[in-house]
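Everything on this sheet refers to the single structure shown next.
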Amino acid sequence: MHVSNSKFIFVTGGVLSSLGKGVASASIGALLEGLGLSITLQKLDPYLNVDPGTMNPYQHGEVFVTEDGAETDLDLGHYERFTNTNLSKLNNITAGKIYNSVLEKERKGAYLGSTVQVIPHVTDEIKSMILKASKDKDIAIVEIGGTVGDIESLPFLEAIRQLQLEIGKENTLFIHLTYVPYISVAGELKTKPTQHSVKELRAIGIQPDIIICRSEVELPQDVKSKIAMFCNVKPENVISAYDVDYIYKIPLILKAQNLDKIIIDAFRLENKEPNLTKWENIVSSLEHLKDSVDIAIVGKYIKLKDAYKSLIEALIHGGIEHKLKVNMIWVDSENLNEKDLEHVDGILIPGGFGERGIEGKIRALNYGRTKNIPTFGICLGMQLMAVEFARNVLGFKDANSTEFDPNTSNPVIDIMEEQKGIENLGGTMRLGAYECLIKENTKAYEIYKENLIYERHRHRYEFNNKYKEHFEKHGFIASGIYPKKSLVEIIELQNHRWYIGCQFHPEFKSKPFKAHKLFASFIENAYIYKKERS
């Protein structure tokens with residue numbers, strides 16, 4: 001097996017899921033980058049899907065798309081937002097991918113007639129993919145999805161146990177994230193769930209070096225000492241990760257408890273102070289916001305906010321840029337009431353799939369267009385901008401997307417030519433970064449201030465160029481084009497304060513210290529609109 005020169009931090013979770021392992025891993029990445037180290041982050045997901053691309057957003061949350069077109073776990077979004085890493089398909093490995101690869105090798109005779117088993121064949125495949133993703137990096141942070149004790153996680157935990165033996169304890173660090181419940185009636189923090197979780201991990205053969213404790217409140221020293229004694233770690237290696245109003249405070253909270261120094265000492269690296277100035281500036285901005293804007297998000301998955309994770313963060317980034325708090329007004333597109341939009345400063349129509357809630361989104365777009373409210377359509381949102389305009393301005397009353405009405409006589413949105421006849425849904429959309437050429441003398445050019453941009457995509461349907469002339473005659477222009485195939489990437493309405501749709505997902509490239517230009521402009525114009533009305 002390939003031997004890596006990288007150091008490895010393995011992050012596991014215990015007690016319950018959704019504790020924030022992804023944010024913790026990303027925050028550790030931010031600390032290490034502050035020390036000038038090159039890093040990568042990887043998520044190992046124990047589910048049997050090859051990727052999350054076909055999973056219901058209510059079950060899995062958002063699908064995050066990388067530059068190279070991988071459909072990945074939303075935690076990769078945290079990794080990219082908190083660090084300078086540009087991740088790829090190597091950075092999200094699922095049990096489905098592992099078993100798929102093992103079975104393909106077995107069919108090709110790669111195992112020379114051996115009985116194929118979880119150990120060593122599946123665990124070897126996991127180790128191989130971990131090592132491949134860590135190439136040429138100082139430190140690889142590897143998050144294992146799920147909770148210790150889950151049957152699905154066992155091959156992954158066994159693989160990282162073996163890796164420590166193979167590459168040496170001096171090159172590996174195990175961090176276990178647990179939950180310490182606060183019983184408010186008794187005013188007491190309970191450590192027993194953490195003790196049992198670590199006991200379970202040790203039974204597998206893994207002794208955590210550091211325990212990060214999630215809790216509603218900060219852990220006092222006596223609680224940390226108790227956890228340290230029962231879990232066989234140093235007291236200073238018990239880190240309190242308490243609830244905060246903004247996740248961007250977490251790198252500073254970890255730094256305050258010397259997590260960076262603990263990691264440096266464990267790996268015998270040069271001892272120096274991390275440069276966290278940009279994080280201090282972000283937190284300072286969030287604590288000194290001058291005003292707020294109300295943005296309506298008209299969506300169909302609003303019961304689970306994780307379905308829009310990158311979008312939420314990108315709006316916050318746009319707010320940070322202008323020292324504004326962004327109040328998100330969640331509007332169910334299936335039960336849209338125009339009263340929900342009366343007092344908002346901007347309307348955002350996010351991406352999505354399927355017919356449910358479409359007409360509500362179209363009504364919201366009509367409201368934003370006719371009332372001259374800053375309105376932003378992303379992916380499906382852009383497509384519905386075209387449908388609404390075709391119906392209510394161009395007079396094509398049955399205008400639609402062939403996704404929702406295959407027999408419409410005015411398919412202003414149609415399936416892409418190369419998507420026709422594709423039967424497999426997984427991994428077959430137009431995915432990843434593509435170039436977009438922006439026309440000068442347009443709002444898009446004013447925002448980007450450059451002709452050529454690269455943005456990430458996830459779609460099968462596109463604007464039908466047969467209708468482009470009709471639209472442009474009436475002031476709805478295509479200001480961004482994919483030059484190789486003349487695909488419409490950005491549309492904007494002239495004689496409107498801010499009515500822009502994009503076929504790509506700008507939220508995937510926004511960072512707290514560098515808001516995406518479209519989100520920054522949208523929030524800025526929403527605030528101008530608010531000031532004009534007050």
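Note that Cβ sites are derived from N, Cα and C of the backbone, with glycine treated the same way.
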Completion exercise
Joining SER17, ASP150, ILE151, GLU152, LYS190, THR191, LYS192, PRO193, THR194, GLN195 at the CTP site recorded in Swiss-Prot, out of LYS43, LYS224, LYS226, LYS234, is LYS226
Handout entry: Residue in ASP75, ASP124, ASP136, ASP138 which Swiss-Prot records at the ATP site where SER18, LEU19, GLY20, LYS21, GLY22, VAL23 also bind
Key = ASP75
Handout entry: Rounded inter-Cα distance in Å - SER17 (CTP binding site), GLN195 (UTP binding site)
Key = 17
Exercise for the section: Report the same-chain neighbours of VAL23 (ATP binding site): residues 6+ apart in sequence with Cβ closer than 8 Å to its Cβ, ordered by sequence. Expected result: HIS78, PHE82, ILE247, ILE250
Exercise for the section: Reduce the DSSP letter at THR194 (CTP binding site) to three states and note it down. Expected result: helix
Problem - Coarse DSSP state, helix versus strand versus coil, of SER17 (CTP binding site) - result: coil
Completion exercise
Of the binding-site residues ILE151, LYS190, THR191, THR194, within 10 Å of GLY20 (ATP binding site) (CA to CA), in sequence order, we find none
Completion exercise
Quick note, SER18 (ATP binding site): same-chain residues at least 6 apart with CB under 8 Å of its CB -> none
Practice task
Just jot down the residues in the same chain as LEU19 (ATP binding site), at least 6 apart in sequence, with C-beta under 8 A of its C-beta; none if empty.
Solution key: GLY13, LEU177, THR178, TYR179, ARG214
